[in-house]
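Visitor: Per TrEMBL, domain 'GPI inositol-deacylase winged helix' is recorded for 1-90. Taken from TrEMBL, the feature repeat 'ANK' applies to 186-218, 219-251, 252-284, 288-317, 318-350, 351-383, 380-408.
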Amino acid sequence: KEKAVRLLQFLTYSERPLTLEEAVDTIAFRPDAPSQFDLKYRLPYPRDIVKFCSSLVTLVTRKVVGKTVVEVELAHFSVKEYLISEKAPGSFHYKFAEPHSRGCITRSCLAYLGCLGDRKLVADITSQFPLARYSAEYWMDHAKPAETCDDVAKSIMDFFEGPTAYKVWGSLFNPDYPWDKNPTPGRASPLYVASLKGLIVAVQSLLEKGAEVNAQGGNLGNALQAASFRGHQDIVTLLLDKGADVNAQGGNLGNALYAVSSKGHQDIVKLLLDKGADVNAQGGFYGNALQAASEGGHQDIVKLLLDKGADVNAQGGEYDNALYAASEGGHQDIVKLLLDKGADVNALGGEYDNALYAASEGGHQDIVKLLLDKGADGGEYDNALQAASEGGHQDIVKLLLDKGADVN
């Protein structure tokens, strides 16, 4: 019965279909044994897995990337509906409630990762331990709704503090680059990872145990930047209360204000500014928070940053200025806002030299007209005409010709 319940929990809440080999390992556990997972616990005949709950699960054969794969699925969607409904018997309903089920899956995934020892070759790991990739990629997604349970929280902390499991996990999965199937083990700390994935209970426990709140590491630089980028306001607040440097530099996004402005999390932008974030701090791909918000089309954040003193003509980053970034992205309302706040319509920068050229190349006719009405340099009409012509933007070509662009 215990194995049947665990299998059904995995199939009900799995983040993707499970292969037969993966499903077999989900039930190869002895929760009370010193080593919870052991190869000897595996079914000798994998297809016998359907016998645990034969009317509820089925085997499906599919072609995946040219390979024949056998997957284990619930027999019908109504099975899942029943398991998670209030119609199920009392104890049964509790076992399949989301926090409990995901908690069991989290502990199973972490126990599985813990059994990998100090193996270093990913190919060896994935061939000998089929559930390793799934466990590495998805344990955090299962953990988030379940981490308030004491046993789940303990499993997470044991994993973070263990001598080898966390290191081996890094060779299987990098949360900064989840699509990379052959990640290079990074320097990200457990605090960074927990902040990135929104695991606030783990963040609190790590801080209480002395984790360095401003430690550098990870693609985004530090825990505050990771939590800001992902929109985890509760974790941002906690990190700031514990002494996180609101203006710390590092990572691909420069600083926390830049990171959150690029993603459009307005409440966190306000929080960081209230805590003393430098609105004109330089750094990151787009140079500063204003340019990042302009490129992303986050008008409310652009307005907030300008109201807090952002330099509308600040130079730097991929597009050199916010007006160019907004024009290239086709964000007309932001272009108008920036111009109304004093943006230099003829500022040079970016791949296409200026905002008029960028808007023409992108086919953003209303922005081209707006820039022309605001005094875009006539000496640049010919370059813009060429860009519009190459892009096949006939209406913009006509507009520029009417303004005096030289067809020759």
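In case you wondered, yes, glycine gets a Cβ from its N, Cα and C as well.
Owing to the predicted nature of the structure, the values given are computational and were not obtained by experimental measurement.
Situate these features within the shown structure.
Guide: Over the domain 'GPI inositol-deacylase winged helix' (1-90), the average per-residue pLDDT in this prediction is 88.
Counting only same-chain residues 6+ beyond the ends of the repeat 'ANK' (186-218), those with a CB under 8 A from a CB of the stretch are 140-141, 143-144, 147-148, 153, 156-157, 160-161, 166, 170, 174-176, 224, 226-227, 229-230, 232, 234-235, 238-239, 242-245, 248, 250-251.
Using a Cβ-Cβ cut-off under 8 Å and counting only residues 6 or more beyond its ends in the same chain, the repeat 'ANK' (219-251) has close neighbours at 176-177, 186, 188-189, 191-192, 194-198, 200, 203-204, 207, 213, 257, 259-260, 262-263, 265, 267-268, 271-272, 275-278, 281, 283.
Long-range contacts of the repeat 'ANK' (252-284) within the same chain: residues 219-221, 224-225, 228-231, 233, 236-237, 240, 246, 290, 292-293, 295-296, 298, 300-301, 304-305, 308-311, 314, 316-317, each at least 6 residues beyond the stretch ends and with a Cβ under 8 Å from a Cβ of the stretch.
Helix, strand and coil content of the repeat 'ANK' (288-317), in residues and according to DSSP, is 17 helix, 0 strand, 13 coil.
Nonlocal intrachain contacts for the repeat 'ANK' (318-350), taken as residues 6+ away from its ends with a CB within less than 8 angstroms of a stretch CB, comprise 285-287, 290-292, 294-297, 299, 302-303, 306, 312, 356, 358-359, 362, 364, 366-367, 370-371, 374-377, 380.
Long-range contacts of the repeat 'ANK' (351-383) within its own chain (CB-CB distance under 8 A, at least 6 residues past either end) are made by residues 319, 321, 323-324, 326-330, 332, 335-336, 339, 345, 390-391, 393, 395-396, 399-400, 403-406.
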